[in-house]
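**Q** Structure incoming, see below.
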Amino acid sequence: MAQHRVVLLPGDGIGPEITAVARQLLEAVSQRHGFELCFDGQLIGGSAIDACGEPLPASTLDACKAADAVLLAAIGSPRFDNLPRDKRPETGLLGLRSGMALFANLRPVKIVPALIGASSLRPEVIEGVDLMVVRELTGGIYFGQPKGRIQADGEERGFNTMTYSSSEVDRIARVAFDLARERRGNLCSVDKANVLDVSQLWRDRVDAMAPAYSDVEVSHMYVDNAAMQLVRSPRQFDVLLTGNLFGDILSDEAAMLTGSIGMLPSASLGSDCPGLFEPVHGSAPDIAGQDKANPMAMVLSAAMMLRIGLKQTEAAADLEAAVDKVLAAGFRTGDLMAEGCTALGCRAMGDALLKAL
């Protein structure tokens, strides 16, 4: 029997509640498909600060690096807003990504038929949307040097540097090409090559890699047009490849096509390391401990972990099918509630998902 080591990071707010739901479903689906998941719970974020004074204990990072996959729930709490920036819960996530050498962020956006009315766009625009945003995580303007604020010519000036090396572009492009090959074979690379030298390099490197993926259709789109097309005609996209800044913006725009951030999973990947899988939503401290949380993004993140991180594709499909079945049956948590549907709390939704398996 195959064994997989999975680190669970419940984190803060609603994190422990949605982690409990995901764990029970993972245990059930692993038994059905004949593999074993060995779970290791670790601290991160505010819960780690409370326990040991640091948002990312060394023991947590060591455990994550030694695992086969990491499943994170949520990080953050306003209780820690008065701390120095480098001591806040969110720093734990940044340190985890850096320590695990994760450079590729994957954000799938897929319209669930039962929730098509939740989107602010017309059904005929978003019906059938199934796209993946692949965002580079460790380069670009967020990390480029030099950066800072200085006094110059009698006034204050702020500056940042947008920079990418050819190797940085190549490794994220390879992730996107591989995904496009597994999906529908269409890759759209997003840049601003008409005005930015760094984007011209980006486009050149993508074009240089394209011949090795002759089965993938490659196109390029300026970021401003991509932002417009995501709203105008999102079905045209399969895999979107972006740099750090553009991906940060476009992935959030794409997320809202679904109408609820409570349904969106994500993955962060490196070259030779475990993947980190987490919901897009935050820790929602205002509803923590009240059995109101929507666990579905966490469950779908667990499905991504099974498919991408552990190569258990049939088990992943079972989890995704359970989510579809429950929604089609009219069960909803409060954030998705609509007329004619049945309201469930977090634990009851977990039970419904378990039954749907």
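Glycine residues also receive a Cβ, built from the backbone N, Cα and C atoms like all the rest.
As listed in Swiss-Prot for this protein:
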BINDING   ARG97, ARG107, ARG135, ASP224  substrate binding site
SITE      TYR142  site 'Important for catalysis'
SITE      LYS192  site 'Important for catalysis'
BINDING   ASP224, ASP248, ASP252  Mg(2+) binding site
BINDING   GLY282, SER283, ALA284, PRO285, ASP286, ILE287, ALA288, GLY289, GLN290, ASP291, LYS292, ALA293, ASN294  NAD(+) binding site
**Q** Between all pairs in GLY282, SER283, ALA284, PRO285, ASP286, ILE287, ALA288, GLY289, GLN290, ASP291, LYS292, ALA293, ASN294 (listed as NAD(+) binders), what's the biggest Cα distance, rounded to the nearest Å?
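**A** Those residues reach a largest Cα separation of 16 Å.
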**Q** Quick check: which same-chain residues outside ASP224, ASP248, ASP252 lie with their CB within 8 A of the centre of the Mg(2+) site CB atoms?
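**A** What remains near the Cβ centre is VAL223, ALA227, LEU245, PHE246, GLY247, ILE249, LEU250, SER251, GLU253.
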**Q** Select the most exposed residue of ASP224, ASP248, where exposure means the fewest other Cβ atoms within 10 Å, treating these as the binding-site residues.
**A** ASP224
**Q** By CA-CA distance, flag whichever of ARG107, TYR142, ASP224, ASP252 among the recorded positions is nearest to ASP286 (NAD(+) binding site).
**A** ASP252
**Q** Among the binding-site residues ASP248, ALA288, ASN294, report those whose Cα falls within 10 Å of that of ARG135 (substrate binding site); none is a fine answer.
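**A** Among ASP248, ALA288, ASN294, the ones whose Cα sits within 10 Å of that of ARG135 (substrate binding site) are ASP248.
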**Q** Please state whether DSSP places ARG107 (substrate binding site) in a helix, a strand or coil.
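**A** The residue in question, ARG107 (substrate binding site), is strand (DSSP, three-state).
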**Q** Take the Cβ of GLY282 (NAD(+) binding site) and count every other Cβ within 10 Å, whichever protein chain it belongs to.
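**A** Summing over all protein chains shown, GLY282 (NAD(+) binding site) has 16 other Cβ atoms within 10 Å.
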**Q** Among all chains shown, work out which of the binding-site residues ALA284, ALA288 has the most CB atoms within 10 A of its CB.
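**A** Compared across ALA284, ALA288, the most Cβ atoms within 10 Å surround ALA284.
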**Q** Helix, strand or coil by DSSP: which one applies to ARG135 (substrate binding site)?
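**A** In the DSSP reduction, ARG135 (substrate binding site) maps to strand.
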**Q** Taking just the CA atoms, what is the gap between ASP248 (Mg(2+) binding site) and GLY282 (NAD(+) binding site) in Å?
**A** 15
